[in-house]
Every structure is written in C-alpha cells, then in structure tokens.
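The transmembrane segment annotation in TrEMBL covers 20-38, 112-132, 144-163, 169-189, 201-218, 224-247, 267-288, 353-372, 384-405, 411-431. Sequence annotations record features per position, and here TrEMBL assigns domain 'DUF1736' to 292-364. The repeat 'TPR' annotation in TrEMBL covers 480-513, 514-547, 582-615, 684-717.
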Amino acid sequence: MAQSEFNLDHEISWFVLPSYWAKIIVGLISCMCFANSYDGDFVFDDSEAIINNKDLRAETPLGDLWHHDFWGGKLSSNTSHKSYRPLTVLTFRLNYLFAGGFHPVGFHVINIILHCAISVLMVDVFSILLGGLQYSSKGRRLNLAPKASLLAASLFAVHPVHTECVAGIVGRADLLCALFFLLSFLGYCKAFRENKEENHFSILWVLASVLLGAIAMLCKEQGITVLGLNAIFDALVINKLNILELIQKVLHKDKSLENVGLFKKGLLFRITLLLSGGATMLCMRWRIMGTGPPAFTEVDNPASFADSLFVRAINYNYYYSLNAWLLLCPWWLCFDWSMGCIPLIKSVSDWRIIALAALWFCLIALICQALCSQDSQKRRILTLGLGFLIIPFLPASNLFFRVGFVVAERVIYLPSIGYCMLLTYGFSLLSKQAKKKKMLAAAVLGILLINVLRCVNRSNQWRSEEQLFRSALSVCPLNAKVHYNVGKNLADKGNQTAAIKYYREAVRLNPKYVHAMNNLGNILKERNELQEAEGLLSLAVQIQPDFAAAWMNLGIVQNSLRRFEEAEQSYWTAIKHRKKYPDCYYNLGRLYADLNRHIDALNAWRNATVLKPEHSLAWNNMIILLDNTGNLAQAEAVGREALELIPNDHSLMFSLANVLGKSQKYKESEALFLKAIKANPNAASYHGNLAVLYHRWGNLDLAKKHYEVSLKLDPAAPGTKENYSLLKRKLEQLQKKGNV
C-alpha cells in the first residue's frame, strides 16, 4: 500500500487534534460563516429555479423531472440551457413539500447543513491527499497528516467564494454535486482497504464510486469529473507511477515499460471501469437532453461569440486568471459577471494580458515541479492538487462547449479543493524554511479570521436582493444587468423615480438590453410619458422581434394613444410569439371593450381565464361587461363560475353581489357584500353599493350606516353623496309622517 515518504505535519506549526475534534471544529466554523443567511429571501436566480419552477409542485408528475432542465423547461426546447440536474430539483421539491410552500428558511438551512457536511468530509479527503492512503491491520484508515488536513479543511470551510453556493439557494446544485463527488472519491479509496496482496481490490467499491459519480452528475454536470480524479489518484498513490518516467519510456518504446507499474495492481482494469462508467453516463445524458447545443446569447458569454480565434483564446485565458484571483483574493465578489462587467481583450497591448501571463507562469512552474521533482511526495501532492484545481473546472472552461457565463463563483466550489491543498503544501514549505514558525502560524490564523468575517459579511449581502444587487455596483459598475436588477428591485418597492435612473443606465451600458427597455417603458407608460415609452418598446421589438412581453406593452401604450388598430396588431403579434399569454388576451379584451366590440372582448377574456383560471381581472371584466349590457343571468353564471375557481377573491364577490342585487336576490347579494367587506373593510365602494342594496330593499337604517362608512372612507365617492342625500330626505319624510 502507498505511503507518504515523510509526514507533512513535521513541518507545520499547527494544532494536533483527534480526528473527531478536528471535524467538529471544521463543522462549527463552516456553520458560523454562513449561519446568518438562514433567514434570507429567495434572491436572483432563486425566482426562476424555485418560485417559478412548476416541477416543485405536487401536481407535476415526478417523472417530468427526468425530462426537464434545472429551470423546469423541456430539455428538447430550443430555449433550454440543457442544465440537467433532476436530483437537485427533487431536493427543492421535498423542501417545498415539507415546508408547505415557498418558505425560504428551510431551503437555506439545508444549504448550510450541506456545506458543513462537505467541510467535515474534507478533513478525511485532505488527510488522504496530503498524507497518503494507508490502513491499519484492522482495516481502519490512518490519518498521516492530521495538522495539514485540519488546516486545509479549515481553509476550504471559510473560503468566501463559497458564499454564492451556500447563501444562494440555487447553489444547492454545486453543494450536492460536491457531496457525492467526495463520497465517490472516498468510496474509491475504500476499494483498497483490504489490499494485503498487490493485485487485490474491491470491485464493488470501485463500482459504488462510479455510481456515486453518476449521482453527482445528476446534481450538477461537474460531478462526472470525479472519475478522472479517481484515475489520477489510482495512478499516483496506489500504483506510485512517475508520470515523466512513463512518458519517456513510451516515447522511447522502452521494453521495461511493463515494470513501471502500468500493468500492475489492476490499474488498467480499474481505469477501464471508470472510462466505461463515464461513457455510459455521457451517452445517457445525451440521449435524454438531445444533441442540440444550449441556447445562450452574446451578453451571457461575449468571448464565445467573438469571430477571431485569438480573441476567444485570449479572453478565455483571462477568465481563468480571474477565477484564480477569486481563489487567492476573494474580496471583489459579484452575483453576476456578464453584460460588460469584463470588457473583451481585443489586442496584445491590453495591460490585462499580464494577468493571464502570470497565471500560466505559475501553472507551468507547478506542472514542472509536479513532473520533474526528485521528491516523490512533492510530485504526488502537486499533481493531485493541480488535478483537483483544474479537472473539476473543465466543464466551465469553454473548451468543450459554450457556457452561459463569463465568471461564476459557484463553479469554483470544487476547484477550491485543489487550491486549499496547494496553499497548505506551500505553508508547509514556508514553515520548513521559517525561523519564526509561530508568527507564520499566527498569519495563517489571521487569514482564516479575515475569511470568516468576509463570509459573514458576504452571506449577509445575499439575504436580500436589495443588498445583493447594490453590493455589485462597486464591483461591476459596467455590468448592465447589475443596474437592471437594482432598478427592478426599486420598481417592485414602488420607487419608480430611482428605478428609472438605473434602467436608463442599464440601457446606456447595453443599448440592446431589451428587458431594461421593456421595464423602463412600462414605468414611463404608468407615468403617462407615452411617447418615450412607445419609442423604447418599439426599439425593443425591433432588436428582438419575438419579445412577446414588449409587444404586449407596446399595444397597451398604443391603446392609450388611441391608435387602436396598431394596438390590436401588437397584441396579436405578442400572442403569435407566446401562444399561452393570458395577460395579453386580457389587454386585448380591454381594447375590444373600448371599441364596443363586446363579443370579441368576452371571447378574449374567456381565453385569458382558460389559460389562467385564477385570472381575477378577466373574470371581473366579463361580469361587469355582461352586467352593463343587461345580461344579468349570464353575468350571474360567469360570477358563480369565477368564485368556484377563486373562492376568496373579494372583488369577484363584490361584482357578483351587484348582479344579484339588480336581480332582486337581496339576501344572497347581502351575504356576498358582507363577505367582501370582511375581506377588504376599507373599500368605500363596497360599503356604498351595500348601502344601495339596503336602500332598494327598504332597510333604511342599515343603508344610512353604510353610506356614512363609505363617505368616511372616501368623501368624494361618486354617486354616494347623492344617494345619501336622497336617503336622508326619505328618512325625514318618514319621520314627519310618524309625528303626524
């Protein structure tokens, strides 16, 4: 069995703790870093992946999860991002089921627990990677680097770059993937627990490792890379291969090649199992998702759309250097790095070339040491460290396929294992040379403390969209999406004036940002600045002709400008691009009602309710139109149908109560009015119309009471003053008659 040649712990001035205490400490500090995110909101991508994802709801068959992408769309759709993570979506569904709805606390708590569990597992993983793999005579694995593994696991547990995965609920995919990734690696190590003979290993554990790798891949795509790392670990640790020596012998066709160890201890057989497992996973995935590429746009990943191969290559490498910098100095963190946040490098005169040159200088230096060092332990640690740093990152590297982001902090959750391993090894080398080892240890403790504080601060920013979006303004001021999201958050809170400022800046930074144009146009429409709103929305549909929401909003503006034919054409264009668009049918119905095309209006609103049975406004407008045109029986039937579908909607109760009152069904009308008032006691019109009902019914005292309540709530209520005056005169007349 492979052993480490000397113990790294001899060179590290650090704590020596029993394994269980080390795991407790790592678990506690990992929890401490992110605990304040437990009561955060659903933020950013959580809305699409969770709140708007129908796959979380009980009415969606479980089998649909295996045919849908991460966002709940069909994998076969041309607009799908092809992110196939059914097991992650299943955990969201379980969260939703047990919480009884969309309550974010349960989602956040699970994420925190997962990170703690992963951090605890890292103690075992690092003890193997740094100290080697050796079992006692009783089959118990020995921790040959307790100090080094504790330090590396602590660095991993408190790394601020992990905040997005832990505090952002969508990061569950990365956490679950990492959990099964590590379990696959540890399972592969267990295959050699009973290795008393050179060629003996457990095929069951190797197969279990492949299965766990498949589960990791079903949580997130990166999971499959564990199979490659298991193969490298097998070659370096189990078979003690010297890669440089092997390459030289292959090139020189050396007859002693078989003595190198490639054909010993079943290495080729195990690698064949790993390759077969990986190929099977990829074939199954391609069969499910199809062979079509994911649908991304230039703003998602501008470098991948560059015409020049040089520009693509140079920018991809610059992105790699930015990821490396986030590992080294995780101070400037941002929820989104797209849309101009990182301008393209288009020439070698760009000073940012220095960053990618520095990256490759460091990588080449490490690779040379990993291959050429005479120290077998250094070769092993550096090769494994580089393997864990690079291989899990490959699916996000743009090398094999285009990805939908520029930089994403979540994708370096797994690569940070390699970084922490290399950093710990570097610390051990420094400790070996340093005279003041305690001072060096104090510096490392200081780094850990700074990282803890940064994690606490960053996870607090992830608790709400307002804090998250505003935190990005200083990091990525050129990112149009950051300004768009700040504006959207302000608009949702009713601060339209401030929202306009950020939407305008988003459009300035990205003149083709159609979503910002659409939202800005909406606000201007509500502020009756119709000409500018029309210009923005017209530009949006010109840039993106299939933008259904912009077509609908353009129709609303044109309707307000009394350009009815153009409005109708815009509505139908929106419906053409989005067949199931209930809000557009609703607005089309309003247009037809304004044009006195009552049948067309009713048909449009009926279409809206068919597509969205809970569309209260469409139901209400149907009842009111039928009421106003004297079709009381039909209005009553529609009202009852609506209340069966939306039984607690007070506006529907009010509209149906009006119809019943006109049909002289006073008792039933009174009951609905009172129920509506109970649900919304401050609606002046509810009290006013109930007073009219009592007035007709002859209950004058109750009529007087509700007229007075209505006028108190709205002194300028139309018609109520006149009706109240009529009632008072009638009461005075009755009083005079009584006195006579």
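Note that Cβ sites are derived from N, Cα and C of the backbone, with glycine treated the same way.
Remember, predicted model here, so these are calculated numbers, not experimental data.
Outside the repeat 'TPR' (514-547), and at least 6 residues removed from its termini, the chain residues within Cβ reach (under 8 Å) are 480, 483-484, 487-488, 491, 496, 499-500, 503-504, 506-507, 553-554, 556-558, 560-561, 573, 577. Among residues of the same chain six or more beyond the transmembrane segment (411-431), those with a C-beta under 8 A of the stretch's C-beta atoms are 8, 11-13, 122, 125-126, 129-130, 148, 151-153, 155-156, 159, 161-162, 165, 171, 174-175, 177-178, 181, 222, 225, 323, 326-327, 366, 381-382, 384-390, 392-393, 395-396, 405, 437, 440-441, 444. Counting Cβ pairs under 8 Å to the transmembrane segment (169-189), the top-ranked stretch among 112-132, 224-247, 384-405 is 112-132. The list of residues near the transmembrane segment (201-218) in space but at least 6 beyond its ends in sequence, with Cβ under 8 angstroms from a Cβ of it, reads 84-87, 176-181, 183-185, 187-188, 190-195, 224, 226-227, 230, 265-266, 270, 273-274, 277-278, 281, 285.
Shown for the repeat 'TPR' (480-513): DSSP residue counts in helix, strand and coil, namely 27 helix, 0 strand, 7 coil.
Same-chain neighbours of the repeat 'TPR' (684-717): 650, 654, 657-658, 661, 666, 669-670, 673-674, 676-677, 723-724, 727-728, 730-731, 734, counting only residues six or more beyond its ends whose CB sits under 8 Å from a CB of the stretch. As a quick check, the transmembrane segment (224-247) and the transmembrane segment (267-288) clear the bar of 3 or more Cβ pairs under 8 A, pairs 6 or more apart, so the two touch.
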